[in-house]
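Structure, as structure tokens:
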């Protein structure tokens with residue numbers, strides 16, 4: 001099938017839980033990618049974590065052959081993408097490899113913020129967007145209302161949107177038929193020099209680096225010598241092929257196709273995502289526009305529980321960064337926790353997932369410090385610095401102005417829950433920018449401090465709106481704000497890993513809450529442990545974990561008061577001596593207590 005008119009490349013985009021992966025399952029079933037024995041629900045979500053949480057984290061690609069009603073057999077290359085706001089970069093990467101996108105909308109819930117955001121990304125990249133109404137078998141499906149929403153919120157024509165139910169398989173054939181006609185075929189020259197874009201890479205212990213590529217021009221086959229444009233290194237191709245979802249080797253990959261290339265690259269940084277591959281004998285092929293690097297929004301320190309694991313931890317991070325290009329890290333040391341890494345994540349879910357993947361796939365025990373965002377600091381000498389770690393904050397005397405990141409958040413919420421959502425946004429120091437009333441929902445746009453959004457805003461939003469509100473946010477700008485560093489002292493010593501940067505108005509309240517929380521979590525010692533919260537030199541809250549003590553008077557029956565006093569004084573002196581030399585072990589829960597503090 002060398003003719004490009006038979007190829008269709010498309011992504012499936014949708015909000016969380018609108019049925020992307022189930023629709024992908026139906027496609028695979030109908031086009032015979034797997035036997036019935038191998039078929040399972042969400043067959044593409046191959047990571048244990050994805051299956052447990054029921055979410056897609058990585059974009060997965062599949063090549064299927066579909067015999068359409070016009071008698072032709074089409075090659076469908078499709079990519080199932082994540083729906084969660086933290087993984088938007090996975091979506092934009094997938095879209096770069098496609099000519100079209102299926103916008104899957106739950107006919108009961110209607111359009112949600114994440115589908116809007118992903119849809120705009122697709123339209124910006126010039127893709128043909130085809131709306132599909134899913135879950136039509138549910139009694140609460142309202143196709144007419146949802147079509148209206150698609151037109152009013154996203155602005156694409158939805159009059160003839162295909163209705164289907166991925167679960168029962170109803171209407172899925174119509175989706176495939178419409179797909180073949182609505183989505184354009186790829187453009188490219190098979191005879192031109194090779195030009196291929198790396199969409200994703202991962203590390204296999206046996207094969208080295210496996211890269212998923214979209215071939216724009218030319219062809220690549222086993223034995224070819226390929227050149228990686230950014231590094232200038234040449235590798236020999238060991239095998240090429242496609243996922244049907246099974247790993248299937250083919251003779252070659254041609255223009256317009258999506259598949260994998262294995263070239264025995266051992267160096268983890270040998271094939272960066274977004275890079276261009278070409279053949280060794282045509283080194284002057286121009287570089288394809290890659291993807292814009294995503295900036296991490298949340299930073300946290302990750303430390304191995306035992307310092308012997310440090311090297312393994314570094315290797316694990318390197319391998320994970322290859323697979324997840326938005327993860328950034330740099331070494332850091334903490335007085336309390338020893339050596340570790342400061343890692344940058346796209347959001348809280350991303351951070352949880354990375355920590356779980358490190359603990360599971362690489363068998364590490366980790367301690368995480370409280371996440372913070374990046375602050376912009378203007379110093380008295382006019383220099384601007386960016387701080388992602390509260391303990392690195394310069395002395396307050398040298399700071400002229402502190403600016404915090406503000407993000408533009410778009411929230412879609414049913415009218416009944418609007419009041420609660422607005423109250424929540426005000427509590428989080430939000431400023432309302434816009435409000436549109438749509439058929440059943442309201443779209444509100446707020447400017448919110450990133451610090452408030454990344455920690456627990458999403459969970460609070462879901463609970464205050466009974467799960468109906470949806471959120472999409474993106475970094476907008478830095479804005480001057482009255483911020484202070486809140487330090488936690490344990491027995492008079494600062495614990496650098498527990499420091500926080502908070503708004504001055506919330507600081508005393510936050511300090512009190514944090515201290516109370518820590519009191520519950522730090523186990524009782526043989527001596528009193530004082531927990532204090534301080535801003536600069538001023539202590540704003542304190543509580544004490546009382547000492548455990550033995551009843552030294554148990555052996556005195558009656559007896560002289562001076563005898564009792566002697567024993568008590570002796571105990572007191574011992575406790576005092578202990579307090580001078582004793583150290584307090586802080587459990588992992590205490591570091592995470594910082595997250596649970598309501599502002």
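Backbone N, Cα and C define each Cβ position, glycine as well.
According to Swiss-Prot, the features are:
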type    : residues                                   : note
DOMAIN  : 5-187                                      : domain 'tr-type G'
BINDING : 17, 18, 19, 20, 21, 22, 134, 135, 136, 137 : GTP binding site
* Structure fact -> If we take the residues 17, 18, 19, 20, 21, 22, 134, 135, 136, 137 that the record assigns to GTP, their largest CA-CA distance in Å comes out at 17
* State the count of C-beta atoms found within 10 angstroms of the C-beta of residue 19 (GTP binding site), not counting that atom itself. => 24
* Just how many other Cβ atoms lie inside 10 Å of the Cβ on residue 21 (GTP binding site)? -> 24
* To do: Would you mind checking how many other C-beta atoms are within 10 angstroms of the C-beta on residue 136 (GTP binding site)?
  => 20
* To do: Tally every other Cβ atom lying within 10 Å of the Cβ atom of residue 134 (GTP binding site).
  => 28
* **Around the Cβ of residue 17 (GTP binding site), the count of other Cβ atoms that are within 10 Å** => 16
* **Per-region confidence, the domain 'tr-type G' (5-187) (mean pLDDT, whole number)** => 75
